[in-house]
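Notes follow once the structure below has been shown.
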Amino acid sequence: MADGISSFWGPVTSTTEGCERNYVYSSYVAELFNAISNIPGILLALIGLVVALSQRFEKRFTVLHISNMILAIGSMSFHATLQRVHQQGDETPMVWEMLLYIYILYSPDWHYKSTMPTFLFIYAAIFAVVHSLFHLGITFKVHYMILCLLCIPRMYKYYIHTEDKSAKWLARYFSITLFLGGLCWICDSLFCKEFSGSYFNPQGHALWHVLMGFSYYYANMFLMFCRAQQRGWNPKVVHFMGFFPYVKIEKPKAQ
């Protein structure tokens, strides 16, 4: 997008930009709305981390929530600077996060416990090196979509085998926010010229960030519920102040 005031970070070096005029409000932030819209995702991931630690869930969920925070911080840094190195700090955690979801979704039925995390760790490291050296463009997007698609069948399997209505609603909230977020992202991409030239820009990419923050949170809570069921921890979906859902468990004393 066309620049506004002078840039603290110098010329744009990233290969992609959001549909937001650059440096309109500050010389230190290239895309203000696209940057600050990651704050809800950071806060929601922090809440999820507190739940995971206080309820003594497995470490995989602690890492998952921290991964969500790293991704949101990376996205904020990228949109604030529009520098290639910060774009790398946004895109690489996206892939790492999806590999973590694949591990959480598929590992319960994996008979060789050490092989999956070892393979995924090596895969993540190799991807990071390759992506930094060759600056993958459309290949990155296709690769990321494939990783996302690998998660869908397993999420659906968990959904149909979950009888708890509150847990099912967590999965539905995840799907709804994911769909709405994707719709905002598509509209922002397709109608960028019209939005940027009009008096009112709906900031579809920023809305995508907000909705994805909630989508990750609902997905994580649903997966925590399913894992607690697998471990026999008697999970329940409770609501903070009658509104905000999270998972509460009761571990046997032996655990």
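Cβ atoms here come from the backbone N, Cα and C positions, even for glycine.
All annotation found in TrEMBL is predicted automatically rather than curated by experts.
Now, the feature entries from TrEMBL:
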type: BINDING; residues: GLU20, ASN22, GLU31; note: Ca(2+) binding site
type: BINDING; residues: HIS79, HIS205, HIS209; note: Zn(2+) binding site
type: TRANSMEM; residues: 32-54; note: transmembrane segment
type: TRANSMEM; residues: 61-82; note: transmembrane segment
type: TRANSMEM; residues: 119-136; note: transmembrane segment
type: TRANSMEM; residues: 171-191; note: transmembrane segment
type: TRANSMEM; residues: 206-226; note: transmembrane segment
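Taking CA atoms as the reference points, ASN22 (Ca(2+) binding site) and HIS79 (Zn(2+) binding site) are 10 Å apart. Within 10 Å of the C-beta of HIS79 (Zn(2+) binding site) we count 29 further C-beta atoms, all protein chains included.
Less than 8 angstroms from the CB of HIS209 (Zn(2+) binding site) sit ASN34, SER37, ASN38, PRO40, GLY41, ALA72, SER75, each of them six or more residues away in the same chain. Within the same chain, residues 18, 20, 33-34, 36-38, 40-45, 47-48, 51-52, 57, 61, 64-65, 68, 72, 75, 101, 104-105, 155, 158, 162, 164, 167, 170-171, 173-174, 177-178, 180-182, 184-185, 188, 235, 237, 245-247 sit at least 6 positions outside the transmembrane segment (206-226) and bring their C-beta atoms closer than 8 Å to a C-beta of that stretch. It is GLU20, among the binding-site residues GLU20, GLU31, whose Cβ has the fewest other Cβ atoms within 10 Å in the structure shown. Under 8 Å from some Cβ of the transmembrane segment (171-191) lie the Cβ atoms of residues 18-19, 155, 158-159, 162, 202-205, 207-208, 210-212, 214-215, 218-219, 222, 245, all in the same chain and six or more residues away from its ends. Most buried of the binding-site residues ASN22, HIS205, judged by other Cβ atoms within 10 Å, is HIS205.
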